[in-house]
């Protein structure tokens, strides 16, 4: 087996990051690789499809019950799922109280100190991407994750989040050695989505690792708390995830330091593809009805 690779999946909330990452990791496990998933999202949904569970008990919740994280054993926080994938969720505090990023820092330190990274080929961090606080940036900042894969779509805010995450990677690239592995486009069936994803990847100086087509079988599998790889292994969609896993596996050492763009450049790109029209400043703030009346 190859030496340990530490990767991370970042992306805008609701983009399908956890679903995409779990299917990709299930495919990597199917290929014979030994996997550890570290969920870094307060929703604690980064391992549910691997474990067939609603939500795994988190390190922070177990530490609170035990007294402190030092009172925990590795076996208490780590669960074994599909294809022997090891699963851990960092968790976060109650809503409105404390820093959710604290769970990420506490968890990774605990796992390192207790030998969780031994005898594995991949550690994968599944990280909330809308929030740029230090806790969530920790896998990047502390050189825990060496390859970042950004899950996005052709929607403007998903691309905006991808660009913001690239800014975070750029900030720590020289001090920590983290690199952008590429973009993964999770299709939302928006206009010219593939073209936009490829164009954004080009502007960021990276590659579109894979374009994952939209398929209802993903939702069917999720309702049963399963990956498509396990639920429908012979399906076309399962093969897409296998292809994505193969691309990630063959991408080791090929990451780049990204070249983020400005908001104006992002809007210009949308205009170039006809998604946004050039807006006259006099039209800003006008409703569709008001604009129709002006042009009548």
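Positions of Cβ are set from backbone N, Cα and C atoms, glycine also.
Copied from Swiss-Prot, the annotated features are:
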- 11, 12, 13, 14, 15, 16, 17, 18: ATP binding site (BINDING)
- 99, 133: [4Fe-4S] cluster binding site (BINDING)
- 102: ADP-ribosylarginine (MOD_RES)
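DSSP assigns residue 11 (ATP binding site) to a strand segment in the three-state reduction. Most Cβ neighbours within 10 Å among the binding-site residues 11, 13, 14, 16: this distinction goes to 11.
According to its DSSP assignment, residue 16 (ATP binding site) is coil. Of all the binding-site residues listed (12, 17), 12 has the fewest other CB atoms within 10 A of its CB.
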